[in-house]
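What follows is a set of notes on a single structure, which appears directly below.
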């Protein structure tokens, strides 16, 4: 598709590093996408998000269609202008969140009708409506509308769900049309069943997409089962297109996914954790509410360049967190997003150098110590 | 006092403009001090506060002594370092807030014993302890410990309260000692009684302070009564020292106070209002939650240089406010602080030009229209 390209720069085992080029800028892969659910990455100015090294944000179709509304955002010039982020945005299809958040859902071949969790208004999502909403938002990477197969699902239920998603994938492709500079990604389903993953991948390749997501993971199956699927599922997807793992994850999940050939990920974890006093570091996760930080004059991580680590002590972050101060969650959100982007940068450099294995081992060793005294 | 000086640059009627010099930087007067209650101006990075033009912040002794504790802040290098603000800080004495926030208060000649509103722990404040806490915090401008006379108070009660505050003022002066580069301000009491205001001013002048506050106002007496006291009370205080009106106020209160000879003010209004969706503008206060903003593509005020007005539409601010997004209160807090500092800058320039009256008339006319469509 004109204006949207993916170029692999290096491989190390199954891991890949590369660059996605869009009219709104480049996306270095493997990429972590901060989540901007309701047209804002919570507690962050967009320029602060960019300063962490983020090349692309994720927006949630379900949330935005309900409030403030896709047509309204279109009238106001699109999501980029609305939220002050001029780089690429990927939007999900709304399919996952409508099933997890909305009330009174009814799923048919046509799509899903539901009640808004905000005001109870009756709403509808279908492949065609999802494509329309994502077009109205001005999304750079549009996700096909699918049903995220719940976990666990028995083989018959999973197959039925996957095949519905494949029919919806075709309808998404048809409704998306030809939009130079904008990409449409298909989503592989098939739960934990290799035959179904293969059937789904084949169906998606036959339709043809600009990128491919491995769907139906990070929904409660646990890391071992997720990595089990990632041992084979990404390899079923085209090598020359980006591969996206939705809703992942913890730093260790991210590393495991990259090792298995994933190029893009998103997760609310760094932002949500930041709002509850949890910080991610090279020595594992740290709860700033813990009393042991109350008198600690050291920065959280003096090797980190984020505003929290450059300007403040652990004692101050502890104080802000305990006092429920907004600056506390602003600073910890910024730190966590910086940590995630620094991790991605380290991963990309390691793949380029053919040194992902030692990088991963050293990184996991650091996390395992849990010893932030050594930061 | 060495290292702390006040210099008047121009007068216009009773209004004055000048500069306070401290080792930590200059304070342009009339000055508005944003409130950083718990070692943070809520929802703002300190560099963003500085970017609005603020020369000085206010910290609350009562809050800081309870959490994280004055001794702890001292061990961590003082309040400036703790909160990342290297310019002047004024701390209140704790006297007002202990009476309005703490539980089980007992006031004696010695001071006030009370229970912390946070954890119920028994605490004490006296002139000596307040001076000690403010020294531990590293405050640049220390306030004498006083009793803020409640309003209304009959003449006898007010006189008794004022005379207690004057005895505490002497004890504050004695306990403060000689601290080059740090200033101690006395606080005039006397409620709405001119004779008592005069007696209080005389007592304070006899003790001698680096600056003088008009106390006991903005406690429910209303604007007319407050301005009535300000018609005479500031004139009782030394002309060659800064005059501070505590806890004021709305933009119109600020203008009225400056016209009556006040040099310094503080108030939570711009920050607190920002957290509830209210914005201050040249055309009066605006509630961003109002549905009329939902589709408005214009900036809140295209003449304002704050991040909210430079980067976003009223529709976006409305959306953030309605959705309860943290960025909404970050942006509106920044806007309101910018509005207040721009107002102070306009006031200082008008006094310098001998044009405060036309400036005040035009400013009040703008507020009175309430017509933000014209912004």
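Using the three backbone atoms N, Cα and C, a Cβ is placed for every residue, glycine included.
What TrEMBL lists as active site, nucleophile is A:266. The substrate binding site annotation in TrEMBL covers A:92, A:93, A:94, A:95, A:96, A:146, A:189, A:216. According to TrEMBL, the Zn(2+) binding site annotation covers A:304, A:306, A:309, A:335. Annotated domain 'tRNA-guanine(15) transglycosylase-like' per TrEMBL: A:14-365, in sequence order. The region 'RNA binding' annotation in TrEMBL covers A:247-253, A:271-275.
Structural mapping of features recorded in TrEMBL.
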{"residue": "A:92", "record": "substrate binding site", "contacts (Cβ under 8 Å, 6+ apart)": "A:58, A:59, A:60, A:61, A:62, A:143, A:246"}
{"residue": "A:95", "record": "substrate binding site", "contacts (Cβ under 8 Å, 6+ apart)": "A:112, A:125, A:130, A:145, A:146, A:147, A:148"}
{"residue": "A:96", "record": "substrate binding site", "contacts (Cβ under 8 Å, 6+ apart)": "A:148, A:246, A:247"}
{"residue": "A:189", "record": "substrate binding site", "contacts (Cβ under 8 Å, 6+ apart)": "A:146, A:147, A:148, A:149, A:158, A:161, A:162, A:165, A:166, A:196, A:197, A:200, A:215, A:216"}
{"residue": "A:266", "record": "active site, nucleophile", "contacts (Cβ under 8 Å, 6+ apart)": "A:32, A:33, A:34, A:35, A:58, A:90, A:246, A:247, A:248"}
{"residue": "A:304", "record": "Zn(2+) binding site", "contacts (Cβ under 8 Å, 6+ apart)": "A:281, A:310, A:335, A:338, A:339, A:342"}
{"residue": "A:306", "record": "Zn(2+) binding site", "contacts (Cβ under 8 Å, 6+ apart)": "A:52, A:331, A:334, A:335, A:337, A:338, A:339"}
{"residue": "A:309", "record": "Zn(2+) binding site", "contacts (Cβ under 8 Å, 6+ apart)": "A:299, A:300, A:301, A:302, A:303, A:335, A:338"}
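Surrounding the centroid of the Cβ atoms of A:92, A:93, A:94, A:95, A:96, A:146, A:189, A:216, where the record places substrate, the chain contributes additional residues within 8 Å, namely A:143, A:144, A:145, A:147, A:148, A:165, A:187, A:215, A:246. Looking only at other Cβ atoms within 10 Å, the busiest spot among the binding-site residues A:94, A:216 turns out to be A:216. What surrounds the Zn(2+) site, by Cβ distance within 8 Å of the Cβ centroid and not counting A:304, A:306, A:309, A:335, is the set A:299, A:300, A:301, A:305, A:307, A:308, A:310, A:334, A:338, A:339 from the same chain. With a 10 A radius on its CB, residue A:146 (substrate binding site) counts 28 other CB atoms from all the protein chains. On the 0 to 100 pLDDT scale, the region 'RNA binding' (A:247-253) averages 97 in the predicted structure.
Helix, strand and coil counts from DSSP across the region 'RNA binding' (A:271-275) read 4 helix, 0 strand, 1 coil. Long-range Cβ proximity for residue A:93 (substrate binding site), meaning a same-chain Cβ under 8 A and a gap of 6 or more residues, is found for A:61, A:125, A:130, A:134, A:142, A:143, A:144, A:145, A:146, A:172, A:187. DSSP classifies residue A:335 (Zn(2+) binding site) as helix under the three-state reduction. Binding-site extent for substrate: residues A:92, A:93, A:94, A:95, A:96, A:146, A:189, A:216, maximum pairwise Cα distance 16 Å (rounded to the nearest whole number). For the recorded site, residue A:266 (active site, nucleophile), the DSSP three-state label reads strand.
Other C-beta atoms found within 10 angstroms of the C-beta of residue A:335 (Zn(2+) binding site) number 30, with every protein chain shown included. According to DSSP, the region 'RNA binding' (A:247-253) comprises 3 helix, 0 strand, 4 coil.
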